[in-house]
Structure formats: C-alpha cells, structure tokens
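J.: Here it is, the structure in full.
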Amino acid sequence: MPLNHAHDALTLSVAPMMDWTDSHCRVFHRLLAPHARLYTEMVHAQAVIHGDRDRLLGFDASEHPVALQLGGSDPADLAEASRIAEQWGYDEVNLNVGCPSDRVQAGRFGACLMKEPALVADCIAAMLAAVAIPVTVKCRLGVDEQEDYGAFRDFVDQVAATGCRTFFVHARKAWLQGLSPKENREVPPLRYEWAYQLKRERPQLDIAVNGGITTPEAVHEHLCHSDGVMLGRVAYHEPYVLHQVDAALWQQPLRSRADLLRAFQPYVQSQLDKGVALKHMARHVLGLFHGQPGGRMFRQILSAGAHRADADWRLIEQAIEATDLAAQRLHSESARASTSESAS
C-alpha cells in the first residue's frame, strides 16, 4: 500500500446500503474493520428533520468514525439535516447522487441529480455553510446517454468549486429507466480509469473508488491510483473480506471468524436485554463463514432459529460449534485420504 495512505481515514470505507447498513450492522463491521469509515443507510433530509430521530439517527459510540448519508435536493432541508447530524455526533455528512431507483428519482434525488450539477453545487454549498464536519458526495460517472469523461469531470468541478473536497465514485454510470437498482450495479460497465484520471487531473481532491471491488488484491491496486476504496456488497455478503482488507492495510494479524463473532456478543447481549430480537442482529453475520467448511450449516442454523421469540446468543454459539465440527470432519477426511494415497 502506498505510504501516503497509511493513516488516512478515507483509505477504507463501507458503502451505505439500504436495508443493510443499520446500526447493528455497523457495530459488527467496526469489529471486523477497526480503521474503516462506516456509513448509514441513506436517510432523506425531510425524514431527519421531521421523523423519529432516535430510530433514524441513533448509533453506538463504537461506530466512530461514522457518516450519515442524506438524500434530497432542497438546499435548505439538506442544510438543516446536516446541522442535526452534527448535533447527533456524526463525523461526516454525505450526499447521495448515485441511487437510481424509481422511488428516489420520483423524489428528485439520487442519481438523477447527475443531470443537475448546479443544483448539487447549491445543496453542497448550503450543507458546508451549516456544519463544521466534512461534507462529501457519492456519485456515479454519469446517467443514461452520458458517455463523456469530460462531462463527469465538469460535474465534479462544479461541485468542488463550493469547497467540497471528497468524492466517492461508483465507477459506473446509471440508467434511470429500464434497469432495476440491482441491474444498475451490474450491467453498466465499470470504468475505474475515469476515477483514476480524475485523481491525476485534480490531485487536490480526495477520490475514493467504489463498485465491483471484492478482494484485498483489488483494493491494493485501486489504492495505487486513488485515495481510497469503498467496499459495497462484498462487505455484507462476505464480511470476512472486510476484515482481511483492514488487517492487510494496517498490517494487523488476522483474527479467526469465531473470535470476531464472539467479540460481537457483548453488544448483542446488550440489545437483547433492551428487548431487541436476535434476528435483527443475526442477519448481518450470515455470510461470515462464506466459502468455509460448515458455512452453509452456520447460515442455516441462524436463518432457521433467529426469528424465534426466545432466540438468544446460545443459537449463535450453536452455529459456531456446528461450523467447527464440520471443519474438523473435513480435516480428518482429508488426512485419511492423504494417508491412503501414501500407502498405495
């Protein structure tokens, strides 16, 4: 990893993901990645202003550094929501200019704002004027027929002129019609070179790359050309990859999956004591043993049992033990097979 990344909070982050990166998820991710910057699910500015703030904004102190991602396109609303976020102790506010869903478009926010750089600049200027914490942008390369690097650079330039320094670039464009949000994460081709070129041409900006990054090796490669990497779905579906990346970047020893999960126990127990059902926390750990012997059994045990009203930490211990037994059985079978081959 390039030396200039060694202590930079931008180096590694976990993307905001709707229905996934709630507070329970972020506490677990903090255990996996002590150095990563964590993001909330997107929350509309109006919801922050008028909604249940305890439910929408509450977070655990262990999550720091943690950022609130806002959706919206009204500068005054976004400024007020940013002030509230700062009062609640968030370390950053981020404006979503990348979500292409129909519902988001109908509200005139998300990726459709890539077509309105002047409005985005007005929003960011208002947010920057309202708070002392960093204000950042998560965007795409463009939308629909936009196929020009110059247009992408001009968008960033117009927003950066407000004083915004940090851009998280999902290195795909988005189609506003004809593709689902899932397809918009897969169908448009990745063009990391646009993010790299932007960093070369605008070295004063902090540029983090997002989209399709799934291995520690890929993270290292991107960091040779950018200031940071934002991991998305791999951090959720295969969370041990997040731990591997964090450990590699900061040269820390890897912990076992079981150790990491047991480190989650005090938080889980505190939530159970408050009446929170186990299922709300267990769903975030289902992929921890992905690709490992017994990984499917681990997932099955939790999926089948976590919804029960009386489910508690013992279910997770049961799943860990079943996974350990499966690994031991596989090791024994491999040893026997090796002995047989040697004897023959």
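Just so you know, glycine gets a Cβ as well, placed from its N, Cα and C.
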J.: Look at the FMN binding annotation in TrEMBL, where Pro16, Met17, Met18, Lys138, His170, Asn210, Gly211, Gly212, Gly232, Arg233 are given, and name the residue from Gln69, Gln292, Gln300 listed for that site too.
T.: Gln69
J.: Any idea what the Cα distance is from Cys99 (active site, proton donor) over to Asn210 (FMN binding site), rounded to a whole Å?
T.: 13
J.: Rounded to the nearest angstrom, how far is the Cα of Arg185 (site 'Interacts with tRNA') from the Cα of Arg233 (FMN binding site)?
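T.: Arg233 (FMN binding site) and Arg185 (site 'Interacts with tRNA') have their Cα atoms 10 Å apart.
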J.: Cβ-Cβ under 8 Å from Arg185 (site 'Interacts with tRNA'), same chain, 6 or more residues apart: which ones?
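T.: Arg185 (site 'Interacts with tRNA') has long-range Cβ partners Arg172, Gly211, Gly232, Arg233.
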J.: For the domain 'DUS-like FMN-binding' (14-316), would you mind checking the mean pLDDT of the predicted model?
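T.: That stretch averages a pLDDT of 96.
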